[in-house]
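*Asks:* Pulled the feature table from TrEMBL, pasting it below:
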- B:15-389: domain 'Glycoside hydrolase family 42 N-terminal' (DOMAIN)
- B:R112, B:N150, B:W318: substrate binding site (BINDING)
- B:E151: active site, proton donor (ACT_SITE)
- B:400-607: domain 'Beta-galactosidase trimerisation' (DOMAIN)
- B:623-678: domain 'Beta-galactosidase C-terminal' (DOMAIN)
Amino acid sequence: MSRLIPGESFNLGVCYYPEQWPEDMWADDYKRMREMGFNVVRMGEFAWNFFEPEEGVYSFDLFDRAIDLASMQGLKVILGTPTATPPAWMTHRYPGILNISKDGVPYHHGNRRHYNYSSPVYHKYCAKITEAMARHYANHLGVIGWQIDNELNAEGGAFYAEADHAAFRIWLKEKYGSLYALNEAWGTIFWNQSYSEWEQVHLPLSSLNPHQGLDEKRFFSDNAISFVRIQVEILRKLAPKQWITTNGMFPHLNNHAMTDELLDFYSYDSYPNFTSLWNDGDREKPLMDRIYSNYLTITRSISPNFGIMEQQAGPGGWVNFKQSTPKPGQIRLWTYQSIAHGADMLLYFRWRTATFGTEIYWHGINDYHNRPNRRVAEVANVGRELKTIGQAIAGSRYVADVAILHDYDNEWDGELDVWLGPLTKESEYSWSKSLQFNHIPFNYLYIENKTSINELTCYKVLIYPHPAMMSEETAELLKQYVAGGGKLVFGARTGYKDKKGHCRMSPFPGPVAELCGITVEEFTVIADKAATPNIRWIDDGDACMQACLFNDILYPENDTTETLAVYEDDYYAGKAALTRNTYGRGEAYYYGAVFSHEVADALTRRLGLQPAAADWLELPLEVEIAVREKEGCQIVFLLNYSGKEVKARLLRDSVDMLEGERLAEGALNISPYGVKILLIE
Amino acid sequence: MSRLIPGESFNLGVCYYPEQWPEDMWADDYKRMREMGFNVVRMGEFAWNFFEPEEGVYSFDLFDRAIDLASMQGLKVILGTPTATPPAWMTHRYPGILNISKDGVPYHHGNRRHYNYSSPVYHKYCAKITEAMARHYANHLGVIGWQIDNELNAEGGAFYAEADHAAFRIWLKEKYGSLYALNEAWGTIFWNQSYSEWEQVHLPLSSLNPHQGLDEKRFFSDNAISFVRIQVEILRKLAPKQWITTNGMFPHLNNHAMTDELLDFYSYDSYPNFTSLWNDGDREKPLMDRIYSNYLTITRSISPNFGIMEQQAGPGGWVNFKQSTPKPGQIRLWTYQSIAHGADMLLYFRWRTATFGTEIYWHGINDYHNRPNRRVAEVANVGRELKTIGQAIAGSRYVADVAILHDYDNEWDGELDVWLGPLTKESEYSWSKSLQFNHIPFNYLYIENKTSINELTCYKVLIYPHPAMMSEETAELLKQYVAGGGKLVFGARTGYKDKKGHCRMSPFPGPVAELCGITVEEFTVIADKAATPNIRWIDDGDACMQACLFNDILYPENDTTETLAVYEDDYYAGKAALTRNTYGRGEAYYYGAVFSHEVADALTRRLGLQPAAADWLELPLEVEIAVREKEGCQIVFLLNYSGKEVKARLLRDSVDMLEGERLAEGALNISPYGVKILLIE
Amino acid sequence: MSRLIPGESFNLGVCYYPEQWPEDMWADDYKRMREMGFNVVRMGEFAWNFFEPEEGVYSFDLFDRAIDLASMQGLKVILGTPTATPPAWMTHRYPGILNISKDGVPYHHGNRRHYNYSSPVYHKYCAKITEAMARHYANHLGVIGWQIDNELNAEGGAFYAEADHAAFRIWLKEKYGSLYALNEAWGTIFWNQSYSEWEQVHLPLSSLNPHQGLDEKRFFSDNAISFVRIQVEILRKLAPKQWITTNGMFPHLNNHAMTDELLDFYSYDSYPNFTSLWNDGDREKPLMDRIYSNYLTITRSISPNFGIMEQQAGPGGWVNFKQSTPKPGQIRLWTYQSIAHGADMLLYFRWRTATFGTEIYWHGINDYHNRPNRRVAEVANVGRELKTIGQAIAGSRYVADVAILHDYDNEWDGELDVWLGPLTKESEYSWSKSLQFNHIPFNYLYIENKTSINELTCYKVLIYPHPAMMSEETAELLKQYVAGGGKLVFGARTGYKDKKGHCRMSPFPGPVAELCGITVEEFTVIADKAATPNIRWIDDGDACMQACLFNDILYPENDTTETLAVYEDDYYAGKAALTRNTYGRGEAYYYGAVFSHEVADALTRRLGLQPAAADWLELPLEVEIAVREKEGCQIVFLLNYSGKEVKARLLRDSVDMLEGERLAEGALNISPYGVKILLIE
């Protein structure tokens, strides 16, 4: 992240499409951007036809003028490679470039990513346009970095063109070496699926083979990364002084690997008002826009400091869906939500709402009419604030004592596997909600083969809700963590699959049975929600909570295993539902069900997890706390997600960074959708 | 309409399929038709195989006998051209005739309209069969008119065969002249969609481009009309003494243009019991079968007097859906519903229920068993009544002081655009319900480029709920109307798009901002129904009504602008929600939300709209009133849609046309599903 | 059935997949099977690649070893022909073998039955593999019988490959002889569908023609049977000493005809916990797993004694759906449910849960870990019990005085026809529930052309809920039954269609109008559930029950016709809803609506139906009773489907077969999910 725009502090900006507006508007647009405190502009990512209006003919006139004018206003440019939307002349001439649906329906021109990542022809054209742009802009001082393509896999990330099947076969050959090994890994003995020639192998079309389905997602991810690599290698060679990122985050893509291998840092597109389309509001205590802190937390697990390439700046929507308008204060709130979680650069989407096209309702800062409005005023206010505090924030790091463990293999396996996928989603939601409302900052940590023990030991507590698929290596790592004094929490269905997705022929939870000090005696799906059993806490007989969705019935195997809660109902009443095993200097918890918010709360207390700044700050439920640290200073973000003024309580004095004043002990009012940033030295 | 069966008064009849019944049944069927008071019969529209049993071989024997026998019974024949269902030999030989779904799945034989309107081969066969039939029947005195095809676009009206893409390109070339103009109109700069060769252009398959989507519907409509034109031109030339109509009404077809350009009058197929399949009943005060008055009102906007080519005469249903049976009295009620709204000819569907085929449950007047039943008796009763009163009714015109404005462009644009389409549907429903229950007759008026001021000034009030797309010309026309003394009501989202569907770069409501005396400060979708804000009426602080689905926050710009209601909730509490601007001698109202039944009711009162016959008639809610006028006489239809006897109250004397007796002042009982027709001279 | 494993008594066993496990596990597996009381094992049905690893190369090594080892342990083998899952090399080389969806999407490798039954190429390969296996195993003493393919049509039973269209044409030619006859039967006059060349005819793709749709299902069934015949003829010739069966039951297959023509007996796969996926539980008094008694009753109508080829032995599920775990006792309960209904052989599915593949969650008796568990213990207990009582049970016959009549034509016609199909489903559910809860054993009887009067006269009461399609022959048979003293009950919509599915041109109920002594005056769909009318019983004015879904309004035609109940509501209040006609020595009942549980209960009483063993046994609602008879002895099964202990009451003494002790009069406790088997000599 250190390479991100050297010399600047916090980078604020906006996405701009000069090609969509009369050229005589540009100067005024740039001038107002600068006045609003912006210093970066993204452009070019959907403009292939301008760069290559016909095959092999390259043209930079329009963007040269647009970039030069921006530079003159002191705005640095981030250039998107335009590969998300190939020109019509190309797909019409080379239809093999197009993606095909699982049902065999070809995609057509007029949308995004109607192409596939595998077509050699498309690879060639992407390489050529990237090379042409790189050669042209590598030494342009106004261009500071590149965004590869746009929102890779935002369209679902599934590809079934003929070129994809061919690429899948090559990928499989590299992975397995032989059809014998592939047949074994996919368990093709089942239902007589065995392959005797490579040409027989396809991405799953009619097949429900779960191992093939897992390799399908692994391939989709690797293939997307390979596609990105083509462009990155050209840019690294030709434009070594400019940084490279891309914006996410979307399915079937290992963003961690991609970022580690190819990017300078990762960027996220944050649209908290998508939650106005979801039914989270039907739950008790819904998180709504606050759930975006979760996505930002995942983003931080990829890049400790990251960019926001698109930050919601108005009502969102295509012609076929609609979000409500951010309320006064929410754009600013969400901006600081992104920053609190680790953003060091942030661009709003977009400068002015498009007057035509599918995103005619994806409203920018400016309305169609281009006159002052309250969103412009709100963003300008953020610009002023960041001018003051941006430098102090930039480069500081988010602080957390607890992490939720997650991994791509289980996520992808869980897409097809309903005995698994829904469990993880529910438990991660419950845990993040519980930690949020308890004011306990947390990280996500993605476990990979190369994860080191040091990445774990910086946390007091790790929660790994349902790692059904677990390698011996991961089990060893986790044992080492607990032995060294860590606390580790598992939920139902842990450890029963190996990395091929085959079930182990040993008692559950397989390689962590010893660590947890239990085996799973038997288990059941809870098919009828009304029949969900309760658990009873041994240390609090009155607490009665539901053991949701799935029940592992636990059998404590060791003296060191303590039963913390038992089932109250059905034929396994009295059997262990939650256990704690002392292992080395640490503790391993196993909960036989899916974590509800209530159970996560109860465990949070028993794990001894403390709210951030608990010794000097009392916070109401509505407020999120986040802490970024730099050079011994703590920057404490308080974010009020409610439409009411709320009261916090300070037990020591501090500095209000936004107001630039000292705060004494006592009540601290936070306005509706308001933000406080305290500096603790 | 004057050409409609000269010499007759009201025309009553039935659809009949002689080819489906043993020939020895025909004579008895015709005799009973005549006894029931019928004088017209429709036939032939699904009988291509009888007219052309093999390619190029024409045969008229069966229909000659069927028509001659009908003529002998005094029954005039309406002939359908059989082009809705091409023969199997044709589509099998020329598969390019077949339609293809958006997903690329070809349609097959065995349904209706599995063909496309664009195939040159099909054009040729349609022309040939029409010519053969026209030559044969042009001078047959028993044949009075033609129905083109059957229920054009009833199957959805979407076509994606190769021939359709080709025809679309030709249509676009004519419309835009150049790809440059097309690219500009479709905003193809967005997402790099620009076309560099015509062959790259298709009807939208993967594309969500809203401008392309709008042109798609315009093309579907124009293409259907072109298809009709082929037949009409032949018939006009060869059979000039017979009239031409077709029956509707279905999506993606500008029936107004088609009727004006090609037909003598328009016909509608009325099946009010389709409402037994819908969930309208879930609403408060559902309209149920009474909503068909709306469709008849739209029909009247096409043809002031019109035909009903198919009037429901029994339970409806295909094998895959089912309607309940009309209750005793309902067939007669619905017959007079059609007549009250302007029908001068009415045919029941159908004489006898088919004993085989997809419509085996689309019950006719006669049951399969062909014996007397209560429907036969009910229809015979109608026949007797119309013998008496038909002449008095025929040619009279429906009377209304208020009209709902509507136009095809906004309707078609609103199909894809959820920021628009659902708003119009809801508001038109609310307004028509409010006017219905308040006994205020109204018209629909479709605004087109050629609409003249005279068509507007005959109304005291015009309601144009959500004309998002509005040309400068239309705006001028509306200003002229208001300036001249009219009252005009708009709802949210008015005027922000031009005729290409691009958003204007000026404050909303664009070209009528001055007329309304307001601008829209900002706006929001109401995503969460539970969070719908209320409005408060300035003149009635206690009235509290919901501002549904969408909120424009209004800023009164002029001294002449009066705020009638303000929002009560959310951050825009206190801001104007409903305004009235005095403009010239009239008034322009702007309501920032979607009209609920309640808000429409409240506005109805404030607009000074009066129930029909308010000075001499008091009506219960269950009864619809409609007035047709001819030569200074008023024919007043009272239709009781409920299954209970209801009481009206006469404050003057009048004539009961059906009973043929004078009615004194006082109570007037209307039986369950009953009808009264009063003559006021 | 007499040929089923001569010399043995009851046959108990398990499905086993030796190819899926290391060979060194086999011996232990077999040993434990034998210890659990098993004597039969099914194998081979998904193992084509092992028998024919490449085209034309046959190999029996692995299965020779597996079968020999089983034989050594005293386990007899049932061999599946492997045709449900063709090898990848075959479908890749001959893609014409693959099935195609109605929308034209080809199926691909990796699932089951992705092939079609019509491909001549596939016929050839199936014949060759069957012949090879038959030659190899015909004289193997360890192999006692064959299962053809596996679960024919489990995947939906619909086929639209090119070969299927071709086979359909041949089938139609044989059935109709001429296109003239086909056009007449399909009513192709409607919508101009008439065919003039055979090549124009297809299985219905876009078509909604109901007669074509009926022939489609008849063809699917005949075509499946033809497919089975290929294998059966080879096996009969080459392996005459081994029996042949197959396992079901699935859509579009006349299992009765198939079994009569080709099999020694029929087998069923019983998975009662599928009901944990259904919403039956939303009803009052749900049947849940007890509904499987219905399916077993249908199975018994095919084979009086039958095999259970797969009996649920653990939680079921693929990766994409999940059932809950059988509770302790349920596996045993369901085993005896199968046996009570006529099973003489039963195999559990499966020995051990697969550790890979789509059915990774279809849990067997043994868990992945292969250690003792409670399911193993429960099944071992069944094994012990059947060792004692198996011989007494085997060959005994289920006893019932009442039967529900059913036929394939109405079932298949009702798939497309919503005026029919849902009625039958609801009424059969109501009747079977009513008979179940009233402890009245019943049979299903499938009416076919060849059904003889003797098959009917063994029942006191026959219930034929909605035989819309009825031939004159069937009507005659039913008349004969009633004339001879039987009681026959019809519901709404009886008799209005002929065997082509055309409606009769005579009053309903057509050919049984005279038998019932009524005609249907008119009728209506009940579209609005809330508006369902009530009926009033003439003999019990207080009883008020709903007349569901459809109402025939009845007109009693004869003096012998008695009205038992009238409608209470709507315009037909007071008209007959339920009638009884005395005809010969018997009675014909006609109920104008769909049978609810309540109405079925009320009729049960009036029909004089008695609970089984009513004179000596009182049973609680939770318990099913079933009686099997052999050589003058009655074996009485009492099955407790509830999780509570329940009490029955014995009024005479008897023998508890499982406990091997005499039971005195008095209370008889049945444990949760418990079973009692009483012997009455």
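Using N, Cα and C of the backbone, Cβ positions are placed for all residues, glycine too.
Note that TrEMBL annotation is computational and uncurated.
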*Asks:* For the recorded positions B:N150, B:E151, B:W318, which residues show a Cβ-Cβ distance under 8 Å to chain C?
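*Replies:* So the ones by chain C are B:W318.
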*Asks:* Can you see whether DSSP assigns B:N150 (substrate binding site) to helix, strand or coil?
*Replies:* coil
*Asks:* State the count of C-beta atoms found within 10 angstroms of the C-beta of the residue listed as 'active site, proton donor', not counting that atom itself.
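*Replies:* Counting Cβ neighbours of the residue listed as 'active site, proton donor' within 10 Å gives 19.
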*Asks:* Would you report the average pLDDT that the model assigns to the domain 'Glycoside hydrolase family 42 N-terminal' (B:15-389)?
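*Replies:* Value for the domain 'Glycoside hydrolase family 42 N-terminal' (B:15-389), mean pLDDT as a whole number: 97.
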*Asks:* In Å, rounded, how far does the Cα of B:R112 (substrate binding site) sit from the Cα of B:E151 (active site, proton donor)?
*Replies:* 10
*Asks:* Count the Cβ atoms, other than its own, that fall within 10 Å of the Cβ of B:W318 (substrate binding site), considering every protein chain shown.
*Replies:* 18
*Asks:* How many Å separate the two farthest-apart Cα atoms among the substrate-binding residues B:R112, B:N150, B:W318?
*Replies:* 17
*Asks:* Taking the Cβ of B:N150 (substrate binding site) as centre, how many other Cβ atoms lie within 10 Å?
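*Replies:* A count of 24.
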*Asks:* Between B:W318 (substrate binding site) and the residue listed as 'active site, proton donor', what C-alpha distance do you get in Å?
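*Replies:* Cα to Cα, B:W318 (substrate binding site) and the residue listed as 'active site, proton donor' are separated by 16 Å.
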*Asks:* Under DSSP, is B:R112 (substrate binding site) part of a helix or a strand, or is it coil?
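*Replies:* Once the DSSP labels are grouped into three classes, B:R112 (substrate binding site) ends up as coil.
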*Asks:* Write out how many residues of the domain 'Beta-galactosidase C-terminal' (B:623-678) are helix, how many strand and how many coil, based on DSSP.
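*Replies:* Helix, strand, coil within the domain 'Beta-galactosidase C-terminal' (B:623-678): 0 helix, 36 strand, 20 coil.
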*Asks:* Taking the Cβ of B:R112 (substrate binding site) as the centre, how many other Cβ atoms fall within a 10 Å radius?
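*Replies:* For B:R112 (substrate binding site), the count of other Cβ atoms within 10 Å is 19.
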